[in-house]
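TrEMBL lists 44-64, 70-91, 112-132, 152-173, 182-202, 222-244, 256-278, 298-320, 340-357, 363-387, 421-441, 453-473 with the feature transmembrane segment.
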Amino acid sequence: MSSPKPGVVLNAAPKTTKIETHGIATIPHEDRTSGWFDLMRMQFGGANTFATALFGSVAVSLGLSFWQAVAAVVLGVAVGTAVLAPMGLYGPRTGTNNAVSSGAILGVKGRIAGSLLSFLTAVAFYSISVWVGGDAIVGALTRITDVSDSTGLRTAIYAAIGFTVIVVVTYGYQFMLMVNKIAVITNTVLMLLAFVAFAGSFDPSYSPGPDAYALGSFWPTFVAAALVAMSNPISFGAFLGDWSRYIPADTPQRKIIGATFLAQGLTLVPFLFGVATATLVFGEEDYVVALIQVSPGWYAALLIVVAFIGGMSTGTTALYGTGLDFSSVFPRFSRVQSTIGLGAVAFLFIVTGRLFFDLLEVVNAFVGAILVTTTPWIVIMTLGYVFRRGFIDADAVQVFNQKKKGGRYWFRDGVNWRAMCAWLLASVLGLLFASFPPIIVGPFADLGGGMDLSLVVAVVSAVILYTGLLFLFPEPDYAYSDRGSFLVPTRSEPVPAVIDE
């Protein structure tokens, strides 16, 4: 088990311009040079962007008043953060990312479910970050210069953001940390300048009236807006371990959880920026372009900086985890090779998907489906952590990566079918209630009376199914520490020997 080592002297943090050498193998204690504040900055920097502001604008576009939208956003962020926060605890325990760490709960082969979710989430959010950032830059350029909007201009802007993202994530964690330090300060200041830019036009009493509710009445519309806000913190679930693995194992858990609550709480800056500015452009089809058109010229120019830094910070947050995860599933590829290869593929998708097929609506629905399937995975991971009393064997989760089999987390052929079945069934049940029109509409989507019940169904199902299966079919006691399990029963079995495959 990864545990604190008294007397360990930490190495100096690598230079920002030195390419990161650590992959998914357990990071040695002496190289864990980050703290809880770095975890906070990585999260806040990755979300302090136009993409998050866009999520905030949705509440207003659905027909809520300003204060109703604020309430929906605050509720969604609070609930989403509460679900997300425990996912930062795995990295310090194992010294690796959350997908590999999930082998302790789903089995060393079953953890591929986490890798798949991480990959899909990364591609989707990388795409959205580049598209939203790129469109904002194009809109600002056409507003303050004589440049005309064109396919060539958009391709060039997308390429600039996409290429910069790939360069940053190739250098790795330390370079990303520097980028997010800049994003935290710069974008926060520039967004707060909106108070000056729109002081004469913003009206906090804004209310379009009950007839504007997109879903026909208040509560379905309010819940839909809250779920959109909730999706933002939950989207970090697969990635927290990418950064918390650099935190020493003896760091108090309250600090790690507190870092996530602080970071996600600070994302209310871009969220509320989106809510407030959306009231100025209600009814417009494209929030980003419309906002730039109503902005003072000086602020439209500053939004170029917000868009570029934001697109880069969100993109690096997503793509870094993808490269790291791919190298964990296919160990023959290094983190750098995986990052460059997947970054190139994702960039081609970004260009073709936006310019030639207009897949933005498809990707938005895709993100909704990813979140419905990611949330039960997070819930099962959290329950597993509690039932194991926080015990994770850092060596045992690496068995699959080392081309071996056996050990604490081998279960049945490398898969813990209890956790896997609970996740699959909860995900399917959630999707049956999902409503992401016109792409995804589940057969039971109307049972909520207009309210989207997909996440609620997925979460409740995950809790009931996973806990129930653990009681009906207890796990072997070797998956737990000498202290035993918490609440759930176990059965006595010898630990499978670790052998080469």
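These residue numbers are counts, starting from 1, taken along the chain as shown.
Heads up, the Cβ atoms here are built off N, Cα and C, so glycines get one too.
Bear in mind that TrEMBL entries carry predicted annotations, made automatically and left uncurated.
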Sequence-remote contacts (6 or more beyond its ends) of the transmembrane segment (70-91), Cβ cut-off under 8 Å?
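Apart from its flanks, the transmembrane segment (70-91) reaches 39, 56, 59, 64, 97-98, 101-102, 222, 225-234, 236-238, 240-247, 253, 256-257, 259-261, 264-265, 267-268, 271-272, 275, 375, 378-379, 381-382, 385, 390, 392, 459.
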What same-chain residues lie close to the transmembrane segment (453-473): Cβ under 8 Å, and 6 or more beyond its ends?
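Distant contacts of the transmembrane segment (453-473): 83, 227, 230, 368, 371-373, 375-376, 379-380, 383-384, 387, 418-419, 421-423, 425-427, 429-435, 442, 444-445, 447, 488-489.
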Could you tell me what the rest of the chain brings near the transmembrane segment (421-441), counting residues at least six beyond its ends with Cβ under 8 Å?
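Hits for the transmembrane segment (421-441): 106, 113, 361-362, 364-366, 368-369, 372-373, 375-377, 379-380, 447-448, 452-455, 457-459, 461-462, 465-466, 469.
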Counting only pairs 6 or more apart in sequence, are there at least 3 Cβ pairs under 8 Å between the transmembrane segment (340-357) and the transmembrane segment (152-173)?
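Per Cβ check, the transmembrane segment (340-357) touches the transmembrane segment (152-173).
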Which stretch, 44-64, 112-132, 363-387, tops the Cβ pairs under 8 Å count with the transmembrane segment (256-278)?
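Comparing 44-64, 112-132, 363-387 against the transmembrane segment (256-278), the winner is 44-64.
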Quick one: do the transmembrane segment (363-387) and the transmembrane segment (112-132) reach 3+ CB pairs under 8 Å, ignoring pairs fewer than 6 apart in sequence?
yes
